[in-house]
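Listed in Swiss-Prot for this protein:
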{"type": "ACT_SITE", "residues": "328", "note": "active site, proton acceptor"}
{"type": "ACT_SITE", "residues": "329", "note": "active site, proton acceptor"}
{"type": "BINDING", "residues": "131, 192, 215", "note": "NAD(+) binding site"}
{"type": "BINDING", "residues": "238, 260, 263, 329, 362, 416, 421", "note": "substrate binding site"}
{"type": "BINDING", "residues": "260, 263, 362, 421", "note": "Zn(2+) binding site"}
């Protein structure tokens, strides 16, 4: 059963805070294991990655070259799709590409009053690695959401890793990689794949940034290699917060909550409303849906451990709670959803109106589904083209324009006791 809370309860603040508390990577033994894997991959390269892939994934590969897929294999997988699946995948890819094209940043410059040129140069990263969760239940949508923004950014080389338990792969993942323009694919996973991308091996080139979700070993490895390479984020369990008032279909709302609860036993689904009757209806609809849901066991554990039905006194109180949660996915199911969204400061993605289920955003709306979790929407953003670009400042002083700037730099450098700085500037105006 999903717990029911009311903001009028005396213990609500503490209970709600406890509900939100979750440590993504905080197991000393896990961190020790991951550190050892990374060290071994750095020392032994291909040999150790192959060994761990055979051990953990039971992959039948005899040599490292068996772990790399060819472009011909990707093309074959794409061409083997049924017309219906191919059209859906192409629609999703087209919409994702179109949305992310609007994010692409360009350089700029201007000449100041002193005649100096100042600006910013935008450059794509040279090479990126994308991690895609593997197995027969893997997600082609993750391929599109990670690879397409990199492609739009102008990244010339995209390396993808995806584990293949028992050597088996979801052909739709390969088709998505073909459609998204992935350069090379290796059927490896876990901390060893992250280490290989970060430091390189005899076969896998080192990348500049690693993106994509994975299990706790992957999350720990990404945290460990950060600094050697960039990363997108440390992904926690999936989250959804649904706020509803007025006329709503309780069955729709309940299924929206379960759409995230079915991901993982530690996923989080929270429903907030000022309408107690609607709260009752949603609670009942959840139980009815669970009776027929294939992943009911996972969803039931998720909502029992980390889910909640929350009764608030009004919309303003709900907004306070939403900003406290900073949810990965936020649905606003009411007539004034756009107006309410203006008061939301912290959320990964905001789905406005009764006809906008979170699932649309997962696949084909266009915006990225790689979103900040565990409250990190307070300070971070969805994955985007900007994650695959970097900026360099441009400064060019004219012979006359440098004089006043150099005098100021000279004075400030002296105050910081940096004599070489001061003299360097002074040479330009004396």
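The count begins at 1 with the first shown residue.
The backbone N, Cα and C atoms fix where each Cβ goes, and this holds for glycine too.
The candidate set comprises the binding-site residues 192, 215, 238. Of these, 192 has the most other Cβ atoms within 10 Å. The maximal spread of the NAD(+) binding site, taken as the longest Cα to Cα distance among 131, 192, 215, is 13 Å. Each residue contributes its Cα atom, and for residue 215 (NAD(+) binding site) and residue 238 (substrate binding site) those atoms are 12 Å apart. In space, 260 is the closest of the recorded positions 260, 329, 416, 421 to residue 192 (NAD(+) binding site), judged by Cα positions. When the binding-site residues 362, 416 are scored by other C-beta atoms within 10 Å, 362 scores highest. Of the recorded positions 329, 421, 329 has the largest number of other Cβ atoms within 10 Å of its own Cβ.
Between the two most distant C-alpha atoms of the annotated substrate binders (238, 260, 263, 329, 362, 416, 421) there are 56 Å. Residue 362 (substrate binding site) sits 17 Å from residue 131 (NAD(+) binding site), taking the Cα positions as reference. Here residue 329 (active site, proton acceptor) is positioned 8 angstrom away from residue 238 (substrate binding site), judged by their C-alpha atoms.
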